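Engineer: Have a look at this one before I ask anything.
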Amino acid sequence: MIEVPPFWCPLPIAIHPAADQAEKDARAWAERYGVRLRIADQVQPGRLGAYWAPHGTYEGMLAVGCWNFWAFAFDDHLDEPLPLDVPVTTSLVQQAVDIPSPPITDDPWAAGAQAVFNMFRDLATPTQVRYCADNHRRWLHGACWRHSNHVNRRLPPLAEYIPLRMQDAAAQATCLIAVLIGSDISVPEQEMDSPRVRALLETASWTATIDSDLHSFQLEDTQRPVSQHIVSVLMHERGIGVDEALRQSVALRDRFMTRFLHLQQECARTGSSELARFAHTLGYVISGYLQWAVDTSRYGQTEATFSFTDTPRDDTPEPPPGIPSVEWLWTL
């Protein structure tokens with residue numbers, strides 16, 4: 001049995017009191033739009049939305065759960081088996097995200113994407129929706145990169161993997177949808193577009209991305225000839241075994257978490273009240289994902305075990321070596 005090193009997460013965990021109802025309503029929404037998630041009973045995407053937006057309105061939290069249903073199902077569609085039309089499919093979906101009407105009826109993926117973003121439009125400001133749509137586009141761009149790597153049986157170098165895997169994991173889209181839509185937080189644009197807030201979002205996104213990689217790497221290894229995740233990338237690039245790659249993955253993840261915690265405190269201390277709420281609520285995306293992963297069996301086919309620790313493996317307040325694209329996160 002492969003043991004994943006313990007996860008360090010000094011962030012609060014909470015869940016919306018209407019989590020069970022949201023799961024039922026999100027599932028009904030998915031069925032209405034023909035969104036089929038094979039393991040919905042185990043995954044419970046609506047409940048995940050309740051972890052991400054524990055203090056949001058019911059409508060906002062439900063909208064996040066509906067997007068989770070659609071996104072999990074769509075991600076599975078892109079992966080198993082690898083379809084050859086990924087660039088076409090992702091382009092049509094993003095077009096549907098950007099166009100609120102007329103209703104799309106000839107493609108269930110596009111129809112579902114349009115419908116859920118129309119839910120966002122009913123709940124949020126145009127600026128909030130734009131941030132979500134722009135980062136949704138980044139996700140689908142990253143999915144095309146991953147698809148090309150799988151088709152060509154290619155493992156990318158670490159310096160390439162770090163920025164592009166964050167897109168492919170939908171990490172920034174997830175964070176923004178969970179916080180802006182689920183909790184109805186509207187940070188002034190001047191603050192939202194600042195380098196410091198961008199760094200806050202990226203460090204949260206990368207922490208969550210590595211958590212996702214660590215939870216799923218064994219399952220993916222059984223399903224693809226060349227599996228692409230942080231563990232396999234480190235093994236390939238550094239010529240190390242799986243145990244050492246896991247240790248290095250967790251150390252890298254904890255360094256991102258350390259930087260996120262510093263930026264979270266700084267934004268809460270020096271920013272607007274909405275930025276303070278944004279920074280605090282981002283923490284629920286990280287902690288909520290971990291608790292949801294423990295609760296569900298999405299990755300139950302693996303033989304990995306998961307535990308938690310109060311001590312980071314690496315809390316060095318400096319950028320990790322060999323990844324130029326993230327050095328700026330430590331210069332602010």
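Any Cβ shown, glycine's included, is placed from N, Cα and C.
Positions annotated as Mg(2+) 1 binding site by Swiss-Prot, on the basis of similarity to another entry: ASP75, GLU80. The motif 'DDXXXE motif' annotation in Swiss-Prot covers 75-80 and rests on a curator's inference. The feature Mg(2+) 2 binding site is assigned by Swiss-Prot to GLU80. Residues or ranges marked as substrate binding site in Swiss-Prot: ARG165, ARG298, TYR299. According to Swiss-Prot, the feature Mg(2+) 3 binding site maps to SER212, SER216, GLU220, an assignment based on similarity to another entry. Sequence annotations record features per position, and here Swiss-Prot assigns motif 'SXXXSXXXE motif' to 212-220.
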Engineer: Quick one: pull the CA-CA distance for ASP75 (Mg(2+) 1 binding site) versus ARG165 (substrate binding site), whole Å only.
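Structural biologist: Between the Cα atoms of ASP75 (Mg(2+) 1 binding site) and ARG165 (substrate binding site), the distance comes to 14 Å.
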Engineer: Would you mind ranking the binding-site residues ASP75, ARG165, SER212, SER216 by how many other Cβ atoms sit within 10 Å of each Cβ and giving me the lowest?
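Structural biologist: Comparing Cβ neighbour counts within 10 Å for the binding-site residues ASP75, ARG165, SER212, SER216 gives ASP75.
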Engineer: Can you give me the Cα-Cα distance between ARG165 (substrate binding site) and SER212 (Mg(2+) 3 binding site) in Å, rounded to a whole number?
Structural biologist: 11
Engineer: On the DSSP side of things, how many residues of the motif 'DDXXXE motif' (75-80) fall into helix, strand and coil, could you say?
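Structural biologist: Helix/strand/coil tally for the motif 'DDXXXE motif' (75-80): 5 helix, 0 strand, 1 coil.
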Engineer: Please work out the mean pLDDT for the residues of the motif 'SXXXSXXXE motif' (212-220).
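Structural biologist: On average, pLDDT over the motif 'SXXXSXXXE motif' (212-220) sits at 76.
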